[in-house]
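What follows is a set of notes on a single structure, which appears directly below.
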Amino acid sequence: MVLLGPPGAGKGTQAARISERLSIPAISTGDIFRANASGATELGKQAKQYMDKGEYVPDSVTNAMVKERLAAADAAQGFLLDGYPRTESQVHELDAMLAETGLALDVVLEITADAEAVVARLLKRATEQNRADDTEPVIRRRLEVYAEQTEPLASLYGSRGLLVRVDGIGDVDEVTERIMTALAPYAAV
Ligand code: ADP
């Protein structure tokens, strides 16, 4: 499955819970980039210059990384992608990766939250986690890039009959229960 939603919608938090309940790995491109950036690997150095500005990392870098991660043994029985695909071209790239392995997406879950709520959450997280991209101007840019490049993927997956939407506003546990109810027809939850 794929998880969509604006920065601050709670994808990372909910991904960990879904991963546990469905016993599938949660694969977060943002987490992989951050781990590489703090370890100062070549991939990390390339990614960091984009992430710190709120821009997307180039597809050439991102696609290769996802392809390698999906080839790992733990992804053979299913996986949850958090933060990928984020552009239409990444959708096509993922289609090709899945076709090669004979897998297909079961569901695309969009966690929705309005801009005002996500800015407030991200500014709060900035004081707790010290992420370089959680400053107000960078947050605004990330939301803009999301609206331009990623939000259209919801209707793209909707036209394939794969989209399920869940309201991300409210208590974390409440949102998890909403998600599990929404996913029930697609997976043995
Ligand atoms: P958020 O969804 O809160 O913005 P993420 O941790 O998912 O945070 O991503 C942080 C940054 O990592 C993004 O702003 C972007 O620079 C980079 N990134 C993550 N996934 C992708 C992707 N699929 N394509 C390009 N860049 C990505």
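Numbering starts at 1 and runs along the chain as it is shown here.
Yeah, the Cβs are placed from backbone N, Cα and C, and that goes for glycine too.
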Note = Out of R17, R142, R160, R165, TrEMBL lists as part of the AMP site with T29, R34, E55, Y56, V57, G83, Y84, P85, R86, Q90, R131 the residue R142
Inquiry  = Looking at the ATP binding annotation from TrEMBL, with G8, A9, G10, K11, G12, T13, R125 already listed, which candidate in G161, G170 is the matching residue?
reply    = G170
Key: Residue with minimal Cβ packing [other Cβ atoms within 10 Å] among the binding-site residues A9, V57   = V57
Task = Go through K11, R86, R131, our binding-site residues, and report the one whose Cβ sees the most other Cβ atoms within 10 Å.
result = K11
Key: Candidates near ligand 1 among the binding-site residues T13, V57, Y84, judged by a Cβ under 6 angstroms   = V57, Y84
Remark   = With the cut-off at Cβ under 8 Å and a gap of six or more residues from its ends, the chain residues touching the region 'NMP' (28-57) are 11-12, 15, 65-66, 69, 81-84, 86-87, 131-133, 137-142, 145, 149
Task = State which of the following binding-site residues has the fewest other Cβ atoms within 10 Å around its Cβ: G12, G170.
result = G170
